Structures are given as structure tokens and as C-alpha cells.
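What Swiss-Prot says about this protein:
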BINDING   28-35, 71-75, 130-133  GTP binding site
COILED    195-313  coiled coil
COMPBIAS  285-295  compositional bias 'Polar residues'
LIPID     CYS8  S-palmitoyl cysteine
LIPID     CYS9  S-palmitoyl cysteine
Amino acid sequence: MFNLMANCCNWLKRWREPARKVTLVMVGLDNAGKTATVRGIQGESPLDVAPTVGFSKVDLKQGKFEVTIFDLGGGKRIRGIWKNYYSESYGVVFVVDSSDVQRIQETRDTMAEVLRHPRIAGKPVLVLANKQDQDGAMAEADIIETLSLEKLVNENKCLCQIEPCSAVLGYGKKVDKSIKNGLNWLLNNIAKDYEAISERVQKDTAEQKAQEEQDKKERAERVRRIREERDRQEREEAEREGRTLKEEELDDVNMFNPFQPINNVLTENQDRLNREKEMQRQRENGQQGSVQEQIALQDEEEEEEDEESERQTPESTESGAVDQTKKKTRKLRLKRKHRVDPLRMEEAAPKSPTPPPLPVGWATPKVSRLPKLEPLGDTRHSDFYGKPLPPVAIRQRPNSDTHDVIS
């Protein structure tokens with residue numbers, strides 16, 4: 001009775017515990033089946049999977065765990081980024097292509113490099129011997145012997161479990177049982193030492209962030225030194241040639257961090273374009289104002305000439321007839337102030353008149369129509385039915401008797 005009550009209390013305690021967050025990294029050579037395995041666990045079809053470029057992140061719920069799996073690409077050029085994910089991982093899933101015997105040595109070297117990393121050593125490792133459904137696939141014992149798996153895990157003090165499986169045989173609830181059993185084993189071992197592993201993950205993550213900040217500062221310092229050396233060389237070369245060098249004032253922030261966010265760059269470009277447009281508008285307004293001033297001056301000069309011509313005309317004292325004949329006729333002029341000035345200089349340029357559109361059917365060849373065909377002979381007898389038929393000419397025919405003629 002006492003044991004039953006203790007078991008019930010333990011069950012209630014576990015049931016009330018919050019879900020634990022666990023991060024796993026899935027690594028292995030390219031074409032080993034990592035993405036197919038993740039999709040099968042997630043409940044998606046593992047068929048027609050494209051190679052992973054970089055990494056992909058998958059979140060899923062597994063029992064009392066909220067699992068985040070980082071599926072890392074296995075190409076040679078991408079394996080260098082694996083170490084950036086080791087610090088926040090609670091465990092490792094290493095996928096092996098058991099049917100690719102030619103690359104088994106490369107698999108061994110890669111696995112040894114992963115397990116010997118200081119941020120992976122001591123963490124539980126699950127090895128999935130994938131593609132067991134293909135012909136020529138290596139057995140579990142052969143893989144352990146070829147990879148020297150027992151030696152590697154003992155040297156790095158890692159708990160290890162190997163599961164032969166095939167990721168393409170099912171997904172979701174029908175996923176390969178070996179994959180499901182291996183994942184449960186990995187999560188259970190993490191749960192047994194969750195506090196220690198979580199503390200180690202937090203410590204490694206903080207150290208990695210500090211290291212990244214230090215590397216960032218060192219890169220910025222190297223860039224600054226390179227710029228200073230280049231400016232010094234340009235200044236010395238300008239002094240030797242006897243020319244002055246215009247030094248640009250650089251922002252302290254840009255000197256400290258040469259890599260600026262794209263939003264800042266876009267904002268600066270937009271401001272520069274706005275300034276250029278404003279300067280262009282001011283230049284156009286200045287040109288238009290100068291043209292208007294010239295037109296006003298010309299109008300004033302013409303008015304003064306007209307007034308002088310009127311004053312210089314002598315007053316006539318002769319008779320009205322002579323005055324009318326000698327009166328000076330004023331020449332009509334079109335003053336500039338009566339003209340309509342264009343708003344812009346571009347519109348003032350005369351435009352060549354566009355020819356009107358050609359009429360419909362222009363240049364269409366004329367069709368020479370044939371005359372109407374008429375029947376041969378004269379069929380138009382208007383008085384044919386109004387007159388009697390002409391008499392038939394009687395021709396003499398011989399009778400049976402000689403020289404007898406019927407009249």
C-alpha cells in the first residue's frame with residue numbers, strides 16, 4: 001500500500017512538471033538521410049528531399065520535451081559551421097549512410113572530429129545507421145567495428161546508442177521504430193542529467209557569444225589598420241607628387257564597424273537622391289527667373305523707344321488735310337508682356353509638328369474590275385410578241401413519180 005502511494009506521488013510530480021526545452025544537432029555526411037529522418041519524425045513525407053544548403057530548424061513536441069532540431073548540411077564546404085551550434089546542443093544525432101561503403105572512412109574521420117570537440121564531449125550521442133533497406137548495407141556490428149565507435153565514445157566519455165533504420169519506410173506514426181526508440185533513448189538520457197547539461201549549455205553559449213564579439217572587434221580593428229595604412233600611403237604619394245589630398249571626414253561608427261545595416265544604407269541613398277532633386281529644382285527655378293528678368297528688361301526698352309518716338313514727332317501747323325497726309329502712322333508691335341511664357345525651358349523648344357495620320361485605305365491598289373459579261377447575240381427584241389410570225393418559204397419536193405411536183 002505504501003509503495004502504491006509513493007508511485008502515485010511520483011507520477012503526479014512528473015505530470016505537473018513543465019515541458020523541458022531541448023536542442024539537438026543532427027550531423028553526418030551529405031546524402032546520408034538527415035533531412036529525410038527529420039521529416040519522418042515531424043510527420044512529413046521523406047521522399048523527394050533536396051540537399052540542405054546551410055541548415056534547417058525544426059520544432060516538435062516529443063512527450064514532455066519541446067525539441068528543437070538543427071539539421072545541418074553535410075557538404076565539405078558547410079561542415080565548418082557545425083561548431084557554431086555545438087554550444088547550445090543537449091545531444092547529437094549522427095546519421096550514417098550504411099550503404100555507402102566507399103565513404104565509410106570519411107564518415108569515421110568526421111565523427112571523430114565531432115566527438116572530440118570540447119563542447120560535444122560528454123554529451124549523449126545517437127548513431128542512426130540509415131538506408132538498411134538497400135542492397136549491400138552494412139550490418140550494425142560491421143559499422144561499430146569500421147567506425148571504431150566504442151573507442152571514440154570511451155575516449156570522449158559520451159553515452160552512445162546505435163540504431164539500424166531506414167528513414168524512407170514511413171513517417172509520422174508509421175515512422176521506423178528504430179528511429180523512434182533511438183530518439184526516446186536520447187531524450188531519456190538527457191532528462192536524467194538535465195540540470196547539469198542545461199548549466200553547461202548556458203555556460204558554453206555565453207562563452208561562444210563573448211568569443212564572437214571578440215572576433216568581431218578584432219576584424220573591425222584589422223579593417224581600421226588596413227584603412228589607416230592605405231591612407232598613409234596615399235598621403236605620402238600625394239606629397240611626393242606635390243598635390244594636395246582631400247581627406248574625407250569619416251564617421252566614428254563607420255570606422256568602428258564597417259558593416260552597416262541595409263536599412264541605414266537605403267536611408268542614406270534616399271536622402272542623397274532627395275538632395276540632388278532639390279538642387280536640380282533650384283537650378284531650374286533660377287534659370288526661369290533669369291529669363292523672365294531679361295524679358296521684362298526688353299519690354300521696358302521697347303516702351304521707352306515708343307515714348308521717345310512720340311516726343312520727337314513735330315507738331316504740324318498746316319491745314320488738316322496736310323496734317324492727315326503727313327501724320328506718322330504708328331507701327332503696331334507685339335509686346336513681349338502679351339506673350340505666354342512657357343513654365344519650363346524644355347517646353348520652350350519648338351516641337352516638330354507631327355504629320356496627321358494617314359487615311360484608311362491609303363496606298364491601297366485600285367482593283368480593275370472586268371466589264372459585265374452578256375450573252376452572245378441580240379436577245380433584246382421588244383416587239384417580238386406583238387407581230388405575227390413571218391411566212392415559211394415553200395420549197396418544192398419531188399414526188400415518187402418522175403417529174404411530178406407537189407405544188
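Using N, Cα and C of the backbone, Cβ positions are placed for all residues, glycine too.
Model, not experiment: these values are computed from the prediction.
Cβ neighbour count within 10 Å across all protein chains ranks LYS34 highest among the binding-site residues ASN31, LYS34, LEU72, GLY75, GLN132. Long-range Cβ proximity for GLY28 (GTP binding site), meaning a same-chain Cβ under 8 A and a gap of 6 or more residues, is found for LYS34, GLY74, PHE94, VAL95, VAL96, ASP97, THR107, THR110.
Reduced to three states, the DSSP call for LYS34 (GTP binding site) is helix. GLN132 (GTP binding site) carries neither a helix nor a strand DSSP state and counts as coil.
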